[in-house]
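What TrEMBL shows for this protein is this:
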- 6-25: transmembrane segment (TRANSMEM)
- 32-50: transmembrane segment (TRANSMEM)
- 70-89: transmembrane segment (TRANSMEM)
- 96-120: transmembrane segment (TRANSMEM)
- 126-147: transmembrane segment (TRANSMEM)
- 168-188: transmembrane segment (TRANSMEM)
- 200-218: transmembrane segment (TRANSMEM)
- 230-252: transmembrane segment (TRANSMEM)
- 258-279: transmembrane segment (TRANSMEM)
- 291-312: transmembrane segment (TRANSMEM)
Amino acid sequence: MLDLIVGKVGPVFLTILCGFLLTHIKIIKREGIPFLAKLAMNAFIPAMLFQTLSQSDISAHFDLRLWGSYYSGVLLNFALVFIIAKLWLSAKTDEAAVTAMGGVFSNIVLLGIPLVQAVYGEEGLVPLLIVLSIHPVTLMGMTILIVEGSRGGDGHWLSNVFRSIVRVARNPIIAAIVLGVLASLFEIRMPEMVDGTLERFRTAGPTIALLLVGAGLYGQSVRGNLSASLLCTTAKMFVQPLLVFSVGHFIFDLPPLWLMIVTLVAALPSGANVAIVAGSYNVCIDRSSTTILLTTIISMLTLPLLILYAGLL
């Protein structure tokens, strides 16, 4: 089991540390991070996702129990954080919604994909991508719907929600997943030259993603409502994995690998989309950034422990 941590999990988090250090010594400049992020999110990672899915037998892997297990636990956690934020923190409805999103939205793309690929390979990536396929649309859409509904005085809130969902659906990552699934179902194979190019993009994607996680941590500090951030952090890192595992194991009876994947995804730190929604609506901006910072730091301990524990079973 030590070989698993040292050989597979260790390099993932060491690459994150390298991203932090490279930013500290200004090899990665702060102003260059958005460019790297755009390159990763619009080219390298979509190429990797498309190639992985197009070369997999999706019809043999797709199972609604994956969605049922993951999103039942996530939506229950969202409701818990939302209610606690309203009652304990006296949050307004829009604040409670963004706070709840911080407690449930996982950083699947930048951290989950490289980690699962390193530890479980292609076999683990397919169920992860099935979960990812509706992740941003579902959780961002629900949060935006609540925020817009709570502010709906101009009669245009529904169109705002629709535009936001369309924007998410047009994301290159979602497009790559859809096209990859279609290529798999219709057994479409890429020409050798195209496939070779995708392979090179695929190799670069996870590394750049992990460097971005580390670079994003540099210069961040704890700010805003610390009680709210601690609520989100506790819900995200501890409550959500337990809920998803319980639902997946006791209700949906997932196979061991699938159960581990959905639990691992649930235990990932909060993703940047939380800060994007917070910034778009100018609500809970500081606490969202703090939640991302705290959960990412804590995940460097909890994720290896979770993988190690699963390997001992």
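Backbone N, Cα and C atoms are what each Cβ position is placed from, and that goes for glycine too.
What TrEMBL says about a protein is an automatic prediction, not a curated fact.
What you are looking at is a predicted structure, and each value in this text was computed from that prediction instead of being measured.
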I'd like to know if the transmembrane segment (70-89) touches the transmembrane segment (168-188) in this structure, counting it as a touch only when three or more C-beta pairs sit under 8 Å and are separated by 6 or more positions.
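Answer no, regions not in contact.
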Taking the transmembrane segment (70-89) as reference, which of 32-50, 96-120, 126-147, 200-218 has the most Cβ pairs under 8 angstroms?
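Answer is 96-120, with the largest number of Cβ pairs below 8 Å.
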Any contact between the transmembrane segment (230-252) and the transmembrane segment (32-50), i.e. 3 or more CB pairs below 8 Å with pairs at least 6 residues apart?
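Between the transmembrane segment (230-252) and the transmembrane segment (32-50), contact is absent.
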Please give the sequence-distant neighbours of the transmembrane segment (6-25): residues at least 6 beyond its ends with Cβ less than 8 Å from one of its Cβ atoms.
33, 111, 114-115, 118-119, 207, 210-219, 300, 303-304, 307
Under 8 Å, at least 3 Cβ pairs, sequence separation 6 or more: does that hold for the transmembrane segment (32-50) versus the transmembrane segment (258-279)?
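Touching, no - the transmembrane segment (32-50) and the transmembrane segment (258-279) miss the threshold of 3 or more Cβ pairs under 8 Å.
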What stretch in 126-147, 200-218, 258-279 has the biggest tally of Cβ pairs under 8 Å against the transmembrane segment (96-120)?
258-279
